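One structure is given here, and the rest of the page talks about it.
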Amino acid sequence: MTQVQNSPAPVVPSGTLLRYRVISYVVGVMLVALVLVAMPVRWLTGDPFLVALIGPLHGFLYMVYLLFCFDLSLKAKWSIKATILTLLAGTVPFLSFVAEHIVTRKVRDRVRI
């Protein structure tokens, strides 16, 4: 029977974590702006300008978030489940802020997720 060693997670370069943290906040702010500002303005006024501006911008930034998150998951050697959950965190308003906090703490403490 093979025994699994409970070794700490590898040290992640600080630039990798910083990129993830920044894009996580930016994507979170853009999603909140889209859902809580742009969409209500469109519903109330019928003017799609803000949705047309913020929607594609959030979509592009979410793609960048996916890249940075995946890069961090490879360097920190996350499980597939942790990687997928963190990738999806950018799609739920306010969840990217929570995920960023948890991920940062675990990466800094070198805890495997």
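Glycine is no exception: its Cβ is also placed from the backbone N, Cα and C atoms.
For the domain 'DUF3817' (18-105), the mean pLDDT of the prediction comes to 93. The domain 'DUF3817' annotation in TrEMBL covers 18-105.
Per TrEMBL, transmembrane segment is recorded for 22-43 (among others). If one looks beyond the transmembrane segment (22-43) by at least 6 residues along the same chain, the residues whose Cβ comes under 8 Å of a Cβ in the stretch are 50-51, 53-55, 57-58, 61-62, 64-65, 68-69, 89-97, 99-100, 103.
Sequence annotations record features per position, and here TrEMBL assigns transmembrane segment to 49-70 (among others).
Per TrEMBL, the feature transmembrane segment maps to 82-103 (among others).
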Mind checking how the domain 'DUF3817' (18-105) divides into helix, strand and coil residues in DSSP?
79 helix, 0 strand, 9 coil
